[in-house]
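Data block below; observations after.
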Amino acid sequence: MKKQNNLRSLAAQAVEQVVEQGQSLSNVLPPLQQKVADKDKALLQELCFGVLRTLSQLEWLINKLMSRPMTGKQRTVHYLIMVGFYQLLYTRVPPHAALAETVEGAVAIKRPQLKGLINGVLRQFQRQQETLLNEFATSDARFLHPGWLVKRLQNAYPTQWQRIIDANNQRPPMWLRVNRTHHTRDGWLGLLEDAGMKGYPHPDYPDAVRLETPAPVHALPGFAEGWVTVQDASAQGCAVFLAPQNGEHILDLCAAPGGKTSHILEVAPEADVLAVDIDEQRLSRVYDNLKRLGMKATVKQGDGRYPAQWCGEQQFDRILLDAPCSATGVIRRHPDIKWLRRDRDIAELAQLQAEILDAVWPRLKPGGTLVYATCSVLPEENRDQIKTFLQRTPDAALSETGTPDQPGQQNLPGGEEGDGFFYAKLIKK
């Protein structure tokens with residue numbers, strides 16, 4: 001069993017890999033969790049997610065309390081001090097334990113000579129905490145978002161940007177999707193209650209259930225048997241707008257990790273579904289999801305810009321394009337997004353989205369439906385993207401979602417407690 005004081009150093013290393021090396025926390029965290037006892041996995045996750053959620057504040061505090069930054073091989077200590085601040089500010093770890101374990105973390109990262117420095121900075125913070133937090137409350141860092149993203153949100157949502165930022169800074173609820181081929185939603189809610197848990201149905205998405213309190217999946221009735229899947233309510237809107245029917249040929253493009261593929265098959269079990277994604281590693285999760293749910297689909301690796309490479313001349317009755325995007329609508333669920341994205345990424349993503357739309361549109365049958373979806377809240381990837389697509393595509397018409405001047409439906413994070421999501425339903429004339 002690993003010593004618990006390794007948790008702080010592991011959390012510091014994880015955050016450093018995200019911020020300094022641009023790695024996704026979902027890739028960094030699992031191997032680190034293998035290094036700690038089962039009872040400590042939740043705390044390690046809390047420290048990593050929490051530090052990334054509040055990184056602006058923790059960085060601001062370090063700049064106030066240290067005369068010069070830690071650089072080079074000492075850089076991990078910079079993030080170790082952040083882990084200490086986070087514990088003192090946001091967790092129920094007793095302050096004396098937070099200090100002691102964080103200071104000991106210096107030994108684990110082979111910087112024992114800096115134990116005194118870490119201890120001194122954390123104790124100085126304790127002494128000045130009230131004054132520092134009052135000053136922080138009026139600083140630009142208080143939004144806990146990078147400045148470029150704050151500006152984009154202010155421009156796009158002059159009256160709602162603060163609400164979006166506040167929602168992004170909250171912990172996300174746990175949403176589930178009841179597999180209608182096994183149970184009705186009300187029937188499964190009864191099983192959940194029998195298991196001592198409570199859930200609430202979504203008013204618009206017929207399979208969605210929000211847990212009153214998040215729970216491990218193995219505690220959910222029938223999870224292993226495929227009765228229920230973890231999926232945010234807003235993501236479930238994709239299949240609602242797509243409205244798949246049995247017997248149809250359906251393309252799920254950019255399909256990994258397969259949550260929407262399986263939802264399509266739950267709604268239309270006799271549909272012929274092709275799931276395509278460019279990332280071969282992530283496609284393994286599509287197979288895993290289909291296997292757990294006992295479903296079958298054709299799964300291929302491919303680039304959405306070149307459909308001839310993965311489907312020849314085949315045409316489809318319905319296409320779901322869950323386009324690659326900035327993921328600015330799911331920041332509360334993936335706080336590392338704030339520090340992985342750059343302002344310049346948005347134009348590049350919008351260009352990629354346009355190329356995929358143009359490439360895949362000819363593969364839709366006349367009278368067919370294409371649902372364009374993103375987990376972004378930025379208009380360049382959403383409303384503006386569809387507006388320009390409609391202008392250059394005479395045989396495309398908007399259906400159900402918005403108007404030609406304001407196309408699509410934009411869900412903001414926290415609305416009905418779902419993530420930020422955009423949908424545009426297009427019909428081929």
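Cβ atoms here come from the backbone N, Cα and C positions, even for glycine.
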Request  = Kindly point out which candidate in Asp277, Asp288, Asp336, Asp343 is recorded by Swiss-Prot as part of the S-adenosyl-L-methionine site with Cys254, Ala255, Ala256, Pro257, Gly258, Gly259, Lys260, Asp303, Asp322.
outcome  = Asp277
Ask   = Greatest CA-CA distance (Å) over the residues Cys254, Ala255, Ala256, Pro257, Gly258, Gly259, Lys260, Asp277, Asp303, Asp322 that the record ties to S-adenosyl-L-methionine?
value = 19
Message = For the C-alpha pair, I'd like the distance in angstrom between Gly258 (S-adenosyl-L-methionine binding site) and Cys375 (active site, nucleophile), rounded off.
response = 15
Note = Students should find that the Cβ of Cys375 (active site, nucleophile) has, within 10 Å, a number of other Cβ atoms equal to 26
Ask   = Which whole-number value in Å describes the distance between the Cα atoms of Asp303 (S-adenosyl-L-methionine binding site) and Cys375 (active site, nucleophile)?
value = 19
Query = Mind checking how the compositional bias 'Polar residues' (400-412) divides into helix, strand and coil residues in DSSP?
reply = 0 helix, 5 strand, 8 coil
Ask   = In the structure shown, with every protein chain counted, which of the binding-site residues Cys254, Ala256 has the densest set of Cβ atoms within 10 angstroms of its Cβ?
value = Ala256
